[in-house]
Amino acid sequence: MNTNNKNDFKSVYVSSRARDNILKYKYTGCDSSFISIHIMNHFWNWFVNLFPRSFAPNLITLFGFISIIVSYFVTLYYMDRMNGVAPKWLYLFNALCIFIYQTMDACDGKQARRVQASSGLGELFDHGCDAMITYLVMQTFQSSLQVGVNQISFFTTLWIMYVFFMAQLEQYSTGVMNLGHFGPTESQFSMMAGHIFTFFYGEQFWFNTIKFESFEIQYNHLVLLVVILGGVGTILLNTFSILKNGNESILTNIINLVPISILLGVSIYWGKYSTVNIFETAPHYFMGIFGILFALVTGKLILARICMDKLSPIQLIMLPLIAVILNIYKFNGELFDEILFTKVYFFVVFIVYIHFAYDVVTSLTKVLDIYCFTLKNKKQT
């Protein structure tokens, strides 16, 4: 398809302005990670050459995504309550899946530059997968740490997804993806270490406690505390960078924070005041709703950033959450069946997320005159 006909189709999510702007997009990034630059980069440069030049970069991204999906569902099968005894191999398997994902995530961009196939779609596909992967890896990581299905594990997962959103918001505002000194690579190795610790020392290791004068805390809760506080520090750095180097107004950035902040607030309220103890009755449907919604809103921000467009503060898919709040707050759960609603809403959210991914990918491949999972023969363009 010729790019002159890029507006000869309809898209729910990609505006005509976005179609024009993505043709101008250029990635700008900064990685200050010692491990990435001085250690892993040598391995990744070697590994990417194992792929044939006919191999599409997005296919590498997809392989990494699939490895995390498999890890999540295998863990869910053996540890549906995110704790308890599981086969020892599972912990090594989860660590291996993160390593595979890390390698694929590092090599997809290298492959794109190697075969001259870099595009805004590639970055969107990469970071869009990362948004969903954040939910999945945090769930499996906390399962190895024996945290269990509860408000603590749920909040920690969504908090890290919020941190990921803030990193994207910083790039949206400044135009630069700053991975920092402690970035994704270090986080991934930390999670691998958690899985490996459980393999060697067993599940009970995480229930040991450490005392700080009169304060006592379990090892697994200490890890989560470090994770949460690290997220706070990261968000503060993001905010400082936005205020200092941002090209967008403060009001625009606040508006961009509205949907994700509402999601975080509603998730905490619903989980705490559910009339049916949702963490016991439909935990993975409930948590999955917010995992997917966080990934969806983040994906829309990434799309807006790459296409130099705007993120709407009103997300229609979130409107049913008003009914949940009313059902709990005003009607004490008697307005409708909360469990049934949770399950139905989960599938609605999932379908909307899949539709978003399909619509955006198919639209941008037409605009950019490329394929998503194969490389177009340049003689055909």
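Residue positions begin at 1 at the first shown residue.
Cβ coordinates are placed from backbone N, Cα and C, and glycine is handled just like the others.
Feature annotation from Swiss-Prot assigns transmembrane segment to 59-79 (among others).
Annotated transmembrane segment per Swiss-Prot: 84-104 (among others), in sequence order.
Under the heading transmembrane segment, Swiss-Prot lists 147-167 (among others).
Through the fold, the transmembrane segment (190-210) approaches residues 83-86, 88, 91-92, 94-95, 98-99, 137, 140-141, 144-146, 216-220, 222-223 of its own chain, all at least 6 residues removed from its boundaries and within a Cβ separation under 8 Å. Taken from Swiss-Prot, the feature transmembrane segment covers 190-210 (among others).
What Swiss-Prot lists as transmembrane segment is 222-242 (among others).
The transmembrane segment feature in Swiss-Prot is assigned to 250-270 (among others); the stated evidence is sequence analysis.
Residues of the same chain lying 6 or more positions beyond the ends of the transmembrane segment (284-304) and with a Cβ under 8 Å from any Cβ of it are 13-14, 18, 76, 80, 123-124, 127-128, 131-132, 134-136, 139, 149, 154, 157-158, 161-162, 164-165, 168-169, 172, 256, 259-260, 263, 267, 270-271, 274, 278, 310-312, 315, 317-318, 342-343, 345-346, 349-350, 352-353, 356-357, 360. If you look up Swiss-Prot, you'll see 284-304 (among others) marked as transmembrane segment.
Annotated transmembrane segment per Swiss-Prot: 311-331 (among others), in sequence order.
Using a Cβ-Cβ cut-off under 8 Å and counting only residues 6 or more beyond its ends in the same chain, the transmembrane segment (344-364) has close neighbours at 9, 11-14, 19, 22, 120-121, 124-125, 128, 285-286, 288-289, 292-293, 295-296, 299-300, 303, 317, 320, 372. Residues annotated as transmembrane segment in Swiss-Prot, with sequence analysis given as evidence: 344-364 (among others).
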Annotated stretches the transmembrane segment (250-270) and the transmembrane segment (84-104) touching (3 or more Cβ pairs under 8 Å): no
Long-range Cβ neighbours of the transmembrane segment (147-167) (under 8 Å; 6 or more residues past either end): 81-83, 130-131, 134-135, 138-139, 177, 220-221, 224, 227-228, 231, 234-235, 238-239, 260, 263-264, 267-268, 271-272, 279, 283-284, 287, 290-291, 294-295, 297-298, 301
